[in-house]
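This report refers to the structure that appears directly beneath it.
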């Protein structure tokens, strides 16, 4: 119902400019699969690749950002991709061509998926402990 009011242009009087921004940004942040960064561009035009969008309409950019038109105040976008951040040193992240999906592959042979090894407390980019591994001893 609220979106129907937005699309009909009736919400401006009820919610005001900031109310519209808050409503649409809360909807963006609740979008399934959105667990990464979001940003807002004030006064940005609501068009992408030659197509124009109206208030409340959204589109998916080639760089995996889901954007929503907040006309006349701007555009809000959130990254929909989920990038692995903690993985064995012998692996690397690859984006699957033409999609917003990522996978872990072996550095030595990117055609093969990443193999998990035994527990290694030094494992990963964040140097986080492996679940179930013994705690390091302090000296």
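Positions of Cβ are set from backbone N, Cα and C atoms, glycine also.
Looking at 76-107, 108-139, the range annotated in Swiss-Prot as region 'Disordered' turns out to be 108-139. Cα distances from residue 78 (disulfide bond) to the disulfide-bonded residues 64, 69, 91, 100, 114 are smallest for 64. Around the Cβ of residue 46 (disulfide bond), a 10 Å sphere holds 21 further Cβ atoms from the protein chains shown. The disulfide-bonded residues in question are 38, 64, 67, 77, 91, and the one with the fewest Cβ neighbours inside 10 Å is 38.
Residue 114 (disulfide bond) is surrounded by 18 other CB atoms, counting those within 10 A of its CB over all protein chains shown.
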